[in-house]
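Colleague: In case it's useful when we look at the structure, here is the feature table from TrEMBL:
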TRANSMEM  20-42  transmembrane segment
DOMAIN    24-508  domain 'Major facilitator superfamily (MFS) profile'
TRANSMEM  100-119  transmembrane segment
TRANSMEM  125-143  transmembrane segment
TRANSMEM  164-193  transmembrane segment
TRANSMEM  213-232  transmembrane segment
TRANSMEM  350-367  transmembrane segment
TRANSMEM  373-392  transmembrane segment
TRANSMEM  404-423  transmembrane segment
TRANSMEM  443-464  transmembrane segment
TRANSMEM  485-504  transmembrane segment
REGION    510-538  region 'Disordered'
């Protein structure tokens, strides 16, 4: 079927930017706001959880989560996210984007509230229920990745598609920022209402009983933006590309888009009736034809996302430990529990405000001008450079006179992660695969990313421990130290730069042109030249 000649798809490709585009960005973007808030707010309360539930009498340092508990609390949501990405990615191609979209949001709302209500009389029972609910929270978050990206790509026009998809993802930056701000506000309010001495003055009294409400409020707040978006998600029509190309209902697609675009669109049902049912474009995900056309593309999107997330989530989840190691956050024993939450949240909010959020929006501004490939390659390159610049002279950065320099350099790695592969790895899989497999392939790519996040969450926790067994956190074996961990992350970023060459440039092309859904089998072995001049087999 000559999909590129369907009037409804042409109308979408050439549509002027209008209100419905921005409405779709907000509706899809609020899901990502919630995703980021839920995934990263846990890093601001893990030290508080250690103080509350794992206090030890006469210990020189405040209580901390045991290694296995800390790994589970930090990483279990990623396990759920990975499962959700695969399941809902597949389901979105089977049932349609809209039918599944509200389902993921409700799981996120319930998971956020339940995480804050984690119950039990012992530390083990509280942590177990917290991990259980965060797994299902992650499951809902996972579904949001392929569905939001696919919906936005299928709604957008050719000219600004990259910016629209990137804008949805950029809401993640505001979610990270909101997590820090909520933690600052809640910890400040409780700190003022329930003053307490530092741990070194009164170990037991430094953690007031009311501190147990702080982490619960912070986790539950994530349900609010998700719940506010549910009604609007249910009102969105199914994407025209799914309705026309997968459900084969051109009349419904034309009706839906006529209302959205406010133009008259012809249904053209004869183009479906005359289309061969078993043509070259009916291949499945596990077919030789898919492997030949899109095998390298899927390897490229999955591998770059996997490598990116090892570094990105290591940096995000454990920046509090890095800041403590260089002395930017005072030693834990000099603060009470709520003051520590405040200091950690303030540091992470500053990083988000100065580097994370601007990085996302630089991508939005430039992705349709310089292309996906250039931004991703540049991002990985500078992440590699700055990571090595931090790691090699690491002792220099730990000196008190140079700490501000360390924070600036560290912030730049975040900036180029977001003005780079963290955004483009989300955008490209939503553009280059056929409509009937688009959500599935995006889910596979995103799941590879979360596998990388799990490596970062579990591995970096142990790796960053001091090489001196006497200087490790309680219960941890000796690691390779922060310096060597940063060197490893630099090498990971370099590999990401190499695998970027497997990813085609999709800038300025229609989705059907990228996926070759409008061509027969005899044309499928040709090469596609991207905006960067590379040729990629399709």
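Using N, Cα and C of the backbone, Cβ positions are placed for all residues, glycine too.
Situate these features within the shown structure.
Modeller: Remote same-chain partners of the transmembrane segment (20-42), defined as residues 6 or more beyond its termini with a Cβ less than 8 Å from a stretch Cβ, comprise 73-74, 77-78, 81, 104-105, 108, 111-112, 134, 137-138, 141, 144-145, 148, 151-152, 155-157, 160, 164, 167-176, 178-179, 182-183, 218-219, 221-222, 225-226, 228-229, 232-233, 236, 260-261, 316-317, 348.
For the domain 'Major facilitator superfamily (MFS) profile' (24-508), the predicted model reports an average pLDDT of 87.
If you look at the transmembrane segment (100-119), the same-chain residues 6 or more away from its ends with a CB under 8 A from one of its CBs are 31, 34-35, 38, 84, 88, 91-92, 125-127, 129-130, 133-134, 136-144, 147, 151, 215-223, 226-227, 229-230, 233-234, 236.
Panel annotation: around the transmembrane segment (125-143), residues 34-35, 38-39, 42, 49, 53, 65, 69, 72-73, 76-89, 91-92, 100, 103-108, 110-112, 114-115, 117-119, 443, 446-447, 450 of the same chain, lying at least six beyond its termini, place a Cβ under 8 Å from a Cβ of the stretch.
Below 8 angstroms of C-beta separation, residues 23, 27, 30-31, 33-34, 37-38, 41-42, 44-45, 48-49, 52, 102, 105-106, 108-110, 112-113, 115-118, 179, 182-183, 186-187, 190, 338, 341 of the same chain, each at least six residues beyond the ends of the transmembrane segment (213-232), sit close to that stretch.
Long-range contacts of the transmembrane segment (350-367) within the same chain, counting only residues at least 6 positions beyond its ends with a Cβ under 8 Å from a Cβ of the stretch, are 162-163, 166-167, 169-170, 172-174, 176-177, 180, 319, 375, 407, 410-412, 414-420, 422-424, 427, 507.
Proximity of distant same-chain residues to the transmembrane segment (373-392), defined by a Cβ-Cβ separation under 8 Å and at least 6 residues beyond the stretch ends, is recorded for 304, 308, 311, 363, 366-367, 406, 409-410, 412-413, 416-425, 428, 483-484, 486-487, 489-490, 493-494, 496-497, 500, 503-505, 530-532, 534.
Within its own chain, the transmembrane segment (443-464) has Cβ neighbours under 8 Å at 67, 70-71, 74-75, 78-79, 81-82, 85-90, 92, 142, 145-146, 298, 301-303, 305-314, 317-318, 321-322, 325, 425-426, 429, 476-477, 479-482, 484-485, 488-489, counting only residues six or more beyond its boundaries.
Residues of the same chain lying 6 or more positions beyond the ends of the transmembrane segment (485-504) and with a Cβ under 8 Å from any Cβ of it are 296-297, 299-301, 303-304, 307-308, 310-311, 314-315, 372-373, 376-377, 380-381, 383-384, 387-388, 390-392, 394, 421, 428, 432, 460, 463-464, 479, 514, 528, 530, 534, 536, 538.
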Colleague: Taking residues 6+ outside the transmembrane segment (164-193), which of them lie with a CB under 8 Å of any CB in it?
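Modeller: Same-chain contacts beyond the flanks: 21, 24-25, 28-38, 40-41, 44-45, 148-149, 152-153, 155-156, 208, 210-211, 213-214, 217-218, 221, 316, 336, 338-339, 341-342, 344-346, 348-349, 352-353, 356-357, 359-361, 363-364, 367, 418, 422-424, 426-427, 430-431.
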